[in-house]
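Heads up: the structure comes next, in structure tokens.
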Amino acid sequence: MKQHYERFMRDQLTFSKKLLTDYRQIGMDETEVMVVLQLIRFQAENTMFPTPSEMAEVTNYDDQVVSRSLRQLMQKHLMTIEETENGAGIVDEYYSLEPLWQTLYTKDDKKSTQPTDQSVEVFKQFEREFGRVLSPIEIETINIWLDEDQYDVRLIQQALREAVLLSKLNFKYVDRILQEWQKKGIKTVEAAKKAGKKFHQQSNQRTEKARKRTDPSVYYNWLDESDD
């Protein structure tokens with residue numbers, strides 16, 4: 001019986017050959033290549049933001065390996081998370097591989113696309129302080145600070161330290177600190193430390209004043225007055 005294999009061959013994916021020939025030159029490993037290929041397949045089937053679990057089901061990797069590869073792709077500026085609005089006005093997120101294709105086809109340029117040791121350390125420091133791996137959105141936030149806002153790496157690290165000192169361990173608070181420093185023209189770690197010291201002193205003074213207003217021991221206790 002004649003087998004019509006042609007119809008199976010028509011069910012193909014299209015991707016750049018340079019991904020397979022040049023991936024090592026842009027700092028990718030084989031696991032990341034497989035994750036990218038699976039992502040291309042998912043998106044071809046209109047699943048634009050597959051979860052690590054969904055991707056792990058069709059590979060030999062577990063969820064953690066897939067998650068780590070996704071994080072590394074974003075840390076290497078080879079993938080981003082973008083937003084699009086559908087017909088119902090709902091905002092959907094999707095993985096964009098545009099940075100990967102740009103890097104593959106401009107890799108011969110003098111400008112390096114690889115993250116510096118300092119920028120890589122930022123991601124590791126956040127994970128240490130948070131006690132967990134960062135989510136794709138959190139990684140994208142750090143990339144925005146570095147690439148779009150162009151905050152100094154050391155300034156981001158100092159903002160994280162301030163948030164830790166204040167027990168405000170969340171990205172929104174770190175972002176608020178960075179924005180406040182930007183408004184005040186603070187661009188160095190030294191200036192940030194001075195501003196932080198001043199803030200803590202003022203905060204302690206306000207706390208002490210509030211305590212005195214509510215502490216009955218600072219007032220004359222008429223009830224304890226003894227008759228002579």
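The backbone N, Cα and C atoms fix where each Cβ goes, glycine too.
All TrEMBL annotations are machine predictions without curation.
What TrEMBL records for 16-111 is domain 'DnaD N-terminal'. Here the domain 'DnaD N-terminal' (16-111) returns a mean pLDDT of 91 for the predicted model.
Residues or ranges marked as domain 'DnaB/C C-terminal' in TrEMBL: 123-194.
Under the heading region 'Disordered', TrEMBL lists 194-214.
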Number of helical, extended and coil residues in the domain 'DnaB/C C-terminal' (123-194), per DSSP
52 helix, 0 strand, 20 coil
Counting by DSSP, what is the helix, strand and coil composition of the domain 'DnaD N-terminal' (16-111)?
52 helix, 12 strand, 32 coil
